[in-house]
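Among the features that TrEMBL reports, transmembrane segment is placed at A:63-84, A:91-110, A:116-133, A:140-159, A:195-219, A:226-252, A:267-288, A:300-321.
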Amino acid sequence: MSRLLRAVLLVLSAASVAVGLVAAHLLVGRSELSAGEVVEVLTGRSDHGAARVIVLRYRLPRVLLGLGAGALLAMSGVLVQAVVRNPLAEPATTGVGSGAALGVVAATMLGFHATYAAALVGALGAGLLLLLLGRRSPAVAGILLGAVLAAVTALLLVVDSSPTSSVMRWLVGSLNARTAGDWSALWPWLATLPVAAWLLAPWMNAWALGAAQAISLGVPVRTTRVVVLVVAVVAAAVAIAAAGAVAFVGLVAPHVARLLVGSDHRLLVPVSAALGAVLLAGSDLIAFSVGIDLPGARDVAGVPVGAVTALLGAPVLVHLVRKELR
Amino acid sequence: MKVPTEPVLRARALGVGYRDRQVIHALDLRIEPGSVTALVGPNGSGKSTLLHALARVLTPTDGVVELDGTPITSQRSVAVARRLALLPQSALAPPGATVTEVVDQGRYPRTGALGMLRRGPDDAVREALGLTGLEDLARTPVAQLSGGQRQRVWIAMALAQQTDLLLLDEPTTYLDVRHQLDLMELVVRLRDEQGKTIVMVLHDLNQAARHADRIVALRDGRILADGPPAEVLTPRVLHEVFDIDALVLTDPVTSRPMFVAR
């Protein structure tokens, strides 16, 4: 029970940090808005048109997107790690993230703006390839697949370099210049995918004992693998459509969650999601604050949050690899 | 003690193989209810493969495994898991998982996935921990246990499944002499008190002779000898199955046969 209690406390503290992050995001920016003005906008009592646009169209959606995409990436990380049986796996290292990014980049270049559909097609394609190629060693297959898909993306960018700056934000991951429209595309997924992921916890717990043991317990391993991978891929694709292929959130958040609450996926899924949410929105606050005085900070060209998560996540990856090798 | 009239588990003309190699050839075997059967044989003889096929973890290439008279592969996986539990040789401990959390997984076939979402450890888990002497370690991470303690965790998990049939793949391998004896006594007790049917792969022939009702000796995927220990543990069978020249004596404690290599 102590682990359950700890998980509940962790989710609650993450929630309060999230509230703090929302407040910070609403107050920090180049246009000076006082706390009073922000509260007036949020309670619908403001007649200051510019303040309403800044808060409701830009600042609030941006922080909500960060929280939501972070939660989905972390969750996807937990699911992918269960499928490939490797704690180093995450959307970015299994080809799923590269697939989604490739989908978005290709669609952008062809002039389609159906970002979600493009990310889903790319990620599901990569997930299918992972299932087909990765029977023996899915973790290795994922890394190779990710490299190949990233190379294809790079090739596309060489062939046509015109949309580079808008495309870069999908590749690195950025919440710059996201608006209310992006949030309204994300929230329906956010309302459903975490529940789906949590319902899969018993299967993932059984798999963790090894394939023979899972079969022996009556878990239909083949079908459940596909189901879990599909949920993981959809979550990653949606998060990437919202925030770009942010690396390391899907690695760091589950890793910290595992250290704190152990390996029971019933706790791991919600705790990872909560940590991923504050990790991405927090990193975005750093990215935004660092880049605020740089030219184009309001623009897509500002400091991308993916750069911050990469700096934060790289040491964790090094630590994990060293632990694996020991 | 319930005694089903049909043989609980039966292999008919069973063939099992991997991509490039056939391991089990046209094998017939009936496991009698309420008995302890030991599968013995040299390395590579197919005894673990046979056990995995009986547990439907491996799909036969030929023939059929029947559980309660119907092919095991045509039954629902969860339904099979309510009748039969497997202790695999290479079970993995999820990092950070405690003894109770692992043993609790044995309840999956009874409660189903949705049940596993909301419930905590129940009486069956506590009973399994008690039978394997793990009460004091219940909250310890499995990763911190010794090999022998870990082995008892897997056995407890199989017991938590509350099945009539237990298939054990080399259950005594990592155990010291004391715990080997404890485990074999537990197996006999489960047969006597709960009428369980146990099939186990053993390496130690004297252990098999001492505790099993029946020994099935395999070599190259075929059964070379099958019967009570006194019929199987003979110099002739030991020579044919293991290529050893052995002297068979009578164990002064149990009056069962035991062998000494010459």
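Along the chain as shown, residues are numbered 1 onward.
Here the Cβ of each residue, glycine as well, is placed from N, Cα and C on the backbone.
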Subject >> Stretch in A:63-84, A:116-133, A:195-219, A:226-252, A:267-288 most in contact with the transmembrane segment (A:91-110), if contact is a CB pair under 8 A >> reply: A:116-133
**OP:** Test the contact criterion for the transmembrane segment (A:226-252) and the transmembrane segment (A:140-159): 3 or more CB pairs under 8 Å, pairs 6 or more apart in sequence, then answer yes or no.
**Re:** no
**OP:** Would you mind listing the long-range same-chain contacts of the transmembrane segment (A:267-288), meaning Cβ under 8 Å and 6+ residues beyond its ends?
**Re:** 3-4, 7, 10-11, 14-15, 17-18, 21-22, 24-25, 28-29, 62-63, 66-75, 77-78, 174-176, 194, 197-198, 201, 243, 246, 249-250, 252-254, 256-258, 260-261, 297, 302-305, 307-309, 312
